[in-house]
Amino acid sequence: MKSLQTICLLFIFIARGTSDKCEICHGFGDDCDGYQEECPSPEDRCGKILIDIALAPVSFRATHKNCFSSSICKLGRVDIHVWDGVYIRGRTNCCDNDQCEDQPLPGLPLSLQNGLYCPGAFGIFTEDSTEHEVKCRGTETMCLDLVGYRQESYAGNITYNIKGCVSSCPLVTLSERGHEGRKNDLKKVECREALKPASSD
């Protein structure tokens with residue numbers, strides 16, 4: 001995977017908490033410091049998200065604090081197995097002020113392949129991405145397909161296409177997505193049962 005894709009993806013999934021002002025920042029590591037900004041409706045919640053791209057034993061982590069609509073807060077915890085052994089993990093925490101607490105990002109579980117598989121994709125700046133087969137592990141019994149874009153002043157429109165194995169489906173749906181002042185739009189959120197290999201008989 002290209003390093004540019006890795007850096008850009010670290011700042012895609014964001015959230016916010018109910019407040020007049022929220023801290024705005026993004027950076028590598030577990031925390032960041034920034035500036036206060038008023039949060040107009042519908043982006044009227046403060047939030048903090050940790051994004052981790054993990055290829056055991058190495059991981060790249062970033063933090064983003066911003067104002068967002070409550071629909072994105074429903075993403076909560078997302079662990080997507082996008083390539084064999086490669087995970088994109090996000091922890092979104094919304095709160096009523098700009099000091100949102102972290103949700104834990106424990107180490108990747110050691111689990112065996114469970115015989116299921118999903119289409120996998122990891123695309124940035126495009127809604128199209130070449131698919132490959134991801135062999136699901138452990139409790140990963142669902143396939144997630146996520147397409148959307150995020151508008152940021154530092155990077156413009158970041159379009160993304162992410163597919164892979166997940167243990168559970170995120171609560172957010174397209175009917176609840178909201179356009180967040182045209183800054184964030186989920187164009188596709190599909191979650192279905194993982195596939196079984198075709199019988200050799």
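Backbone N, Cα and C define each Cβ position, glycine as well.
Counting Cβ atoms from all protein chains shown, Cys46 (disulfide bond) has 29 others lying within 10 Å of its own Cβ. Among the features that Swiss-Prot reports, disulfide bond is placed at Cys22-Cys46 (among others), with the record citing similarity to another entry.
Under the heading disulfide bond, Swiss-Prot lists Cys25-Cys32 (among others). If you take the C-beta of Cys25 (disulfide bond) and look for same-chain residues 6 or more apart in sequence within under 8 angstroms, you find Cys32, Asp33, Gly34, Tyr35, Thr63, His64, Lys65. For the recorded site, Cys25 (disulfide bond), the DSSP three-state label reads strand.
Taken residue by residue with DSSP, Cys67 (disulfide bond) is part of a strand. What Swiss-Prot records for Cys39-Cys67 (among others) is disulfide bond.
According to Swiss-Prot, the feature disulfide bond maps to Cys73-Cys94 (among others). Neighbour density for Cys94 (disulfide bond): within 10 A of its CB lie 22 other CB atoms from the protein chains shown.
The disulfide bond feature in Swiss-Prot is assigned to Cys95-Cys100 (among others); the stated evidence is similarity to another entry. When secondary structure is read from DSSP and collapsed to three states, Cys95 (disulfide bond) falls in the coil class. When other Cβ atoms within 10 Å of the Cβ of Cys95 (disulfide bond) are tallied across all protein chains shown, the result is 19.
Secondary structure at Cys143 (disulfide bond), as computed by DSSP, is strand. In this view, Cys143 (disulfide bond) is surrounded by 25 other Cβ atoms within 10 Å of its Cβ, with every protein chain counted. The disulfide bond annotation in Swiss-Prot covers Cys118-Cys143 (among others).
Secondary structure at Cys165 (disulfide bond), taken from DSSP and collapsed to helix, strand or coil, is strand. The disulfide bond annotation in Swiss-Prot covers Cys136-Cys165 (among others) and is backed by similarity to another entry.
If you look up Swiss-Prot, you'll see Cys169-Cys191 (among others) marked as disulfide bond, on the strength of similarity to another entry. A simple way to gauge crowding: the CB of Cys191 (disulfide bond) has 14 other CB atoms within 10 angstroms, across all the protein chains here. The secondary structure of Cys191 (disulfide bond), as reduced to three states from DSSP, is extended strand.
The feature N-linked glycosylation site is assigned by Swiss-Prot to Asn157, with sequence analysis given as support.
According to Swiss-Prot, the signal peptide annotation covers 1-19.
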Of Cys67, Cys94, Cys136, Cys165, Cys169, Cys191, the disulfide-bonded residues lying within 10 angstroms (C-alpha) of Cys143 (disulfide bond) are Cys136, Cys165, Cys169, Cys191
Disulfide-bonded residues Cys165, Cys169, Cys191 vs Cys94 (disulfide bond), shortest C-alpha separation belongs to Cys169
Those disulfide-bonded residues from Cys22, Cys100, Cys136, Cys165, Cys191 that fall inside 10 A of Cys67 (disulfide bond) by CA distance are Cys22
